[in-house]
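The structure appears below as structure tokens.
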Amino acid sequence: MFDTVCTLPLSADLFAQAIHPKEPIVSVGLASGHVETFRLPSDEVDSDDDQASTSSSRNGRGHIDTMWRTRRHKGSCRCLTFGIDGESLYSAGTDGLVKAAKAETGVVENKIAIPPEKDGSVDAPTVIHALSPQTLLLATDSSALHLYDLRLPFSRVSARPQQSHHPHDDYISSITPLPASDTSTSGFSKQWVSTGGTTLAVTDLRRGVMVRSEDQEEELISSVYVGGLATTGTSRGEKVIVGGSSGVLTLWEKGAWDDQDERIYVQRSGGEGESLETLAMVPDELGRGKMVAVGLGSGGVKFVRIGPNKVVSEVTHDETEGVVGLGFDVEGRMVSGGGQVVKVWHEAVGSGANGASAGEKHMLGDSDEDSDDDDNDDSDDSDGERRRADEAKRKRKKGKGKDRSGGQHVMAFYDLD
């Protein structure tokens, strides 16, 4: 299905990655505090003049443009998310600030101060998610989950969260919104699933924490929602898939949150499982059914078909650095990030008998030029800040990133034809 990989080198370790909901745009947050936004080549043909560039894009030779780059945070940028409409990009850093910027230009429009720890130290962010045009969710190292009203302009008073919860005993590792109910008037989600430590929890926008699962006796790291499954017996055809630290995916039936429903063994190595760091649903038209892409701590990406519940294919993002970011853009291309590299995997144009075709890998080294347009309150890098950035890495630390440009990578889904 995918055969060509474009490799985009970064200037520092990748901590966060966000994909625009409506345009072929990817943003990254780095250990150095920088935030960079790139526009990927489009496969759409608007005129005859675009035919040549479109052909190049499909073969992996399109040009990736740097839209903007700035040192957004003093310390590391821990997490990123686009707003529902894609107009804003929210970043959170170990400087204790959330900044809302125009996605197109990077100009900061609003700031939010993260509530500090009881001793006054920074409570570093772990996950950020725009639930609706009005509500922003922010999780932190202390296990706090803050809800902010985005309609309020910035001030020292309005910067305080409207609600705060503690759905877990440990830091929150993932947030997955549940679809709005059929009776919803806004169409936006009002409930979400979170993972933290060894538990899963469901929180409601109005009612707070509704339920917390039993202790799963392993760390729960990542999560994603999947709907449209077969409805059998008590199953509604909706599940949340959770990735754990032991290489196992667990499936949770919506509405039955006490304990997991099914288990899928994804990665085992030497008797120990590899952590499943990030999950993304493969678009139905590409996966030919329900399929989840799983980013591993070992640097691979595995593809698991839901239903048969088995691994059908895998690719390698990096041989040593774990996959931190994973998702699909509006044109169906997979974007994986980890270490000091982001890779864009294109859909194969002429797949062979096994679903693969020969492809080339291209280094787009001119995309990482510095054009810093820092905020007024940002400062230059210093050794001390870099040390703090290193210390602020997630608890499942994966070592220092390296700029690699290995051999050809081809993705083949052998059982799909």
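The backbone N, Cα and C atoms fix where each Cβ goes, glycine too.
If you look up Swiss-Prot, you'll see 41-64 (among others) marked as region 'Disordered'.
Sequence annotations record features per position, and here Swiss-Prot assigns repeat 'WD 1' to 72-111. In the repeat 'WD 1' (72-111), the DSSP tally of helix, strand and coil residues is 0 helix, 22 strand, 18 coil.
Residues or ranges marked as repeat 'WD 2' by Swiss-Prot: 117-158. Across the repeat 'WD 2' (117-158), mean pLDDT in this model comes to 89.
The DSSP breakdown of the repeat 'WD 3' (221-262), given as helix, strand and coil counts, is 0 helix, 19 strand, 23 coil. Per Swiss-Prot, repeat 'WD 3' is recorded for 221-262.
The repeat 'WD 4' feature in Swiss-Prot is assigned to 318-355.
Look at Swiss-Prot and you will find 352-417 (among others) tagged as region 'Disordered'.
Residues or ranges marked as compositional bias 'Basic and acidic residues' in Swiss-Prot: 384-393.
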Check: Which residue counts does DSSP give the repeat 'WD 2' (117-158) for helix, strand and coil?
Finding: 0 helix, 17 strand, 25 coil
